[in-house]
Every structure is written in C-alpha cells, then in structure tokens.
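Enquirer: The structure's right below; bear with me while I get my questions together.
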Amino acid sequence: MILVIDVGNSHTVTGLYDHGKLIGHWRLKTDRDRTSDELAIRYHGLFIMEGIDPRQITDIVLASVVPTLSSAWIRCCERHFGKHLNQPVMDLSVTKLAPLVRVETDNPHEVGIDRLVNAYGAWHTRKTDLIVIDFGTAITFDCVTSDCVYIGGVILPGIAISLDALATRTAKLPMVDVRDVPSSLIGKNTVHAMQSGILYGYGAMVDGIVEGIQKEMLGGKRRAEVIATGGMANLIEPFTTTIEHIDKLLTLDAMELILHALKKKQ
C-alpha cells in the first residue's frame, strides 16, 4: 500500500492507496508543534480504527509546505514504517519533480510543492492547457501548458483568512459561517451582508482572475481548462461561471501518480 501525506498550513490530508485505489483518507488540523512520535500515535490510531495494518505500507510520499513538520514526518515514517518500506520516504520538492514538470518562473524553488503536485496531477489526466485553482489557506491559481510546463500563477488570501480579518480587525463585525448560503446578494443584516460579501465577492474575484489569465496565458487563441480543488471549492463554485471541474482528491491522486512516474524514470 502507498501512503501519501499532504501537509498544508491549516490541514494535513493523508490518503492510503492499494493497487491504485484510494481505500481511506483523513483530514486533520496541522499542528506545527507535533513531534514525530505524536504523529505516529495519531495516525496509527486512525489506521487501526479503519482496520488497516500499517505494516502493509510499502511506499510513502510526502508533500509539505510547512518546513518544521517535514523533518518530523520523515522521522515518524522512518522510525515507525521504515522496516517495511521499499525505499526511503519520497519527500517531494521542485528538484524531485523536475523530470515531470518544467518550471519556468523567476525563482522555481519558491513555488510551493503542493502547487506543482496539483499542476502535474491535473495535466496527467487531461494533457491540455490548464488553470488549477486550490482553495486552501491561501487561494492559488496555477498555470500549466499542454506540454506540462508550469509558467506561474496567482496567490491571494483564502476565505478563512478574510473572515478572520473581518472579525479581529473591526470592533463590531462577528465571525460568521459562510456555509449558510445567503438567498440574495443584498444583505438584510450584518451576518447576511458578510456572507454575501465573501461568497459573491470571491466568486467574482475568481472569474475576474481566470479571465485575465486566459487572455495573458494563451493570447486569446484558445482557452485553458479550469479545475478547482481544496476544501472550499464546492462552496465557491456556484458563485462562479469559469470553474469547469472540481476534483477534491486532486492532490492525493497526483502524489500517487508521481510516485509511479518517478519510479519509472529511476
């Protein structure tokens, strides 16, 4: 079995694959102070509850945007799974992905590994020009060409960051739950107005950025396909006109694909 670990700023998502099939996945809050032993206890418990024998894990792929947790995860995996692994933990990086994705940016090593993983995963299944939107702690727009060249993207504050800023940087605005979708754009009370502002506002922002990228990326000659992923993708998609597909498991599936693709190139 293959364990993939996607360590994000807010959440860590793990998935377990058996012969190409996702048999379990878990989403937990990222705690930057966790030790390798604490991580092992936490996830060993999840495996046991699902009836999964962790000794059957033969490969582990790690993609982390939290450097302090990368080393803890590697120590955890090496200590608690190492004797059963076919190879050391595959810790993904720009350099590691170089055989699969060409990065044409000013500073390639600044690009978050999750963005390149998503770019490759989306490209692998479609083989066309793509805009990949990830609704995470930050919202990222990533542009990849039909020959799998990553040419850059856009980063803006995520929905949770904006909600937190409204509640903490103002005297009277409350923290609101945007999963309660407003029935109209014009708010009749403060909570309604804030919900509308976030949902309709982010929807319009997504559409505006996508249209701008379409013009700049391909010069209007053809349109890139637009794919969304991340925890808030389903929430924002109804307020946009440009998102064509949602793939909630894009990152996990891409990491499993990358393991096999890199093994073939060894």
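Residue numbering: from 1, along the chain as shown.
A Cβ is built for glycine as well, from the same backbone N, Cα and C atoms used for every other residue.
Quantities reported herein were computed from a predicted structural model and do not represent experimental measurements.
Copied straight from Swiss-Prot:
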type	residues	note
BINDING	Asp6, Val7, Gly8, Asn9, Ser10, His11, Thr12, Val13, Thr137	ATP binding site
BINDING	Gly112, Ile113, Asp114, Arg115, Thr190	substrate binding site
ACT_SITE	Asp114	active site, proton acceptor
BINDING	Asp134	K(+) binding site
Enquirer: Between the Cα atoms of Thr137 (ATP binding site) and Gly112 (substrate binding site), find the distance and write it as a whole number of Å.
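Expert: Approximately 13 Å lies between the Cα of Thr137 (ATP binding site) and that of Gly112 (substrate binding site).
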Enquirer: Among all the protein chains here, how many other CB atoms are within 10 A of the CB of Gly8 (ATP binding site)?
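Expert: I get 24 for this one.
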Enquirer: Counting other Cβ atoms within 10 Å of each residue's Cβ, which of the binding-site residues Thr12, Thr190 comes out lowest?
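Expert: Among the binding-site residues Thr12, Thr190, the lowest count of other Cβ atoms within 10 Å belongs to Thr190.
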Enquirer: Rounded to a whole angstrom, what is the largest C-alpha distance between any two of the residues Asp6, Val7, Gly8, Asn9, Ser10, His11, Thr12, Val13, Thr137 that the record assigns to ATP?
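Expert: Pairwise Cα check on Asp6, Val7, Gly8, Asn9, Ser10, His11, Thr12, Val13, Thr137 gives a maximum of 13 Å.
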Enquirer: Here are some binding-site residues: Asp6, Asp114, Asp134. Which one has the most Cβ atoms within 10 Å of its Cβ?
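Expert: Top count of Cβ atoms within 10 Å goes to Asp134.
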Enquirer: For Asp134 (K(+) binding site), name the DSSP secondary structure in the helix/strand/coil scheme.
Expert: strand
Enquirer: Return the residues near Arg115 (substrate binding site) by Cβ distance under 8 Å, restricted to its own chain and a separation of at least 6 in sequence.
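Expert: The list for Arg115 (substrate binding site) reads Val132, Asp134, Thr140, Asp142, Tyr150, Gly153, given in order along the sequence.
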Enquirer: Taking Cα atoms as reference points, rank the binding-site residues Asp6, Gly8, Ser10 by distance from Thr190 (substrate binding site) and give the first.
Expert: Ser10
Enquirer: What are the sequence-distant neighbours of Gly112 (substrate binding site), meaning same chain, six or more residues apart, C-beta distance under 8 angstroms?
Expert: Val65, Thr140
Enquirer: DSSP secondary structure for Asp114 (substrate binding site), reduced to helix/strand/coil, please.
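Expert: Going by the DSSP assignment, Asp114 (substrate binding site) falls within a helical segment, counted as helix.
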